[in-house]
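A.B. asks: Checked TrEMBL, it gives:
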- 10, 11, 12, 13, 14, 15, 127, 174: ATP binding site (BINDING)
- 30-59: region 'NMP' (REGION)
- 31, 36, 57, 58, 59, 85, 86, 87, 88, 92, 135, 146: AMP binding site (BINDING)
Ligand code: AP5
């Protein structure tokens, strides 16, 4: 089972992807987490990504596409994966389809978590990590920029997935448990 979770910053992609990983035995691939690991390790990609992420801007498509291509080829993704944070641009979406076709893989479900902007801002303002730390890009001015970038670059890819009825929308304003149930319902028929 291969799944794409789409949605604006703070929509609950990571929350739901972690649950799906445990429930379905498929691997969460969070491009945000992968980039934060590169930043922490001060790799060449991390050094390039840090400044962009701190401003709420996207990391260039070729880097992201290569990162995903390498990641889905790893053995722990052989039972399936959940893409959390990828694709985010039309170029990433097109590259993903051609990459999967080449590998003989397919996406079983593309799920969009729909959440009103004021709720996103509130959630990200309140979010703390397991160790009580805050993400630098959850500062209000960076959240504003992330939302603008989402509107300009990611929202326009939704029609790409609406073709052939591929996109399933879920009201992400419900409780975590109710959102999870809606996802399960979609996956039961995927
Ligand atoms: P990334 O880490 O992917 O951030 P994001 O997409 O902005 O999403 P978040 O992780 O902030 O939110 P989420 O939807 O996972 O919500 P969560 O479950 O945490 O990317 C960071 C940066 O990396 C990007 O800005 C970019 O620079 C770069 N990047 C990453 N991928 C890239 C790509 N493909 N191309 C280019 N650049 C890329 O939930 C948020 C909060 O809400 C939590 O506190 C949670 O507990 C709470 N919550 C969750 N669900 C609910 C609910 N139903 N009700 C109430 N509260 C809820």
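Placement of Cβ uses the backbone N, Cα and C atoms for every residue, glycine included.
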A.B. asks: Run through the Cβ atoms and count how many others sit within 10 Å of the one on residue 88 (AMP binding site).
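C.D. replies: Total other Cβ atoms inside 10 Å, all chains included: 19.
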A.B. asks: Cβ distance under 8 Å to residue 13 (ATP binding site), same chain, sequence separation 6 or more: which residues?
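C.D. replies: Counting only residues 6 or more apart in sequence, the Cβ neighbours of residue 13 (ATP binding site) under 8 Å are 5, 6, 7, 30, 84, 85, 113.
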A.B. asks: Enter the number of other CB atoms within 10 angstroms of the CB of residue 86 (AMP binding site).
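C.D. replies: Its Cβ has 23 other Cβ atoms within 10 Å.
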A.B. asks: Among all chains shown, work out which of the binding-site residues 11, 59 has the most CB atoms within 10 A of its CB.
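C.D. replies: Of the binding-site residues 11, 59, the most buried by Cβ count within 10 Å is 11.
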A.B. asks: What are the non-local neighbours of residue 57 (AMP binding site), defined as same-chain residues 6+ apart in sequence with CB under 8 A from its CB?
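C.D. replies: Once residues fewer than 6 apart are set aside, residue 57 (AMP binding site) is near 145, 149.
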A.B. asks: In sequence order, which residues at least six apart in the same chain have a CB under 8 Å from the CB of residue 174 (ATP binding site)?
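C.D. replies: Within the chain, residue 174 (ATP binding site) has Cβ neighbours under 8 Å at 182.
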A.B. asks: Which of the three DSSP states, helix, strand or coil, fits residue 11 (ATP binding site)?
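C.D. replies: DSSP assigns residue 11 (ATP binding site) to coil.
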A.B. asks: So how many of the residues in the region 'NMP' (30-59) end up helix, strand or coil by DSSP?
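C.D. replies: Split by secondary structure, the region 'NMP' (30-59) comes out as 21 helix, 1 strand, 8 coil.
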A.B. asks: Tell me which residues of the chain lie with their Cβ under 8 angstroms from that of residue 15 (ATP binding site), as long as they are six or more apart in sequence?
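C.D. replies: Sequence-distant Cβ neighbours: 176.
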A.B. asks: Report the same-chain neighbours of residue 10 (ATP binding site): residues 6+ apart in sequence with Cβ closer than 8 Å to its Cβ, ordered by sequence.
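C.D. replies: Expected: 115, 119, 120, 121, 123, 124, 127, 143.
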A.B. asks: What's the longest C-alpha separation between any two of 31, 36, 57, 58, 59, 85, 86, 87, 88, 92, 135, 146, the listed AMP-binding residues, in angstrom?
C.D. replies: 25
A.B. asks: Looking at the binding-site residues 59, 86, 135, whose Cα is closest in space to that of residue 14 (ATP binding site)?
C.D. replies: 86
A.B. asks: Around the C-beta of residue 135 (AMP binding site), how many further C-beta atoms are within 10 angstroms, looking at every protein chain?
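C.D. replies: Its Cβ shell of radius 10 Å holds 15 other Cβ atoms.
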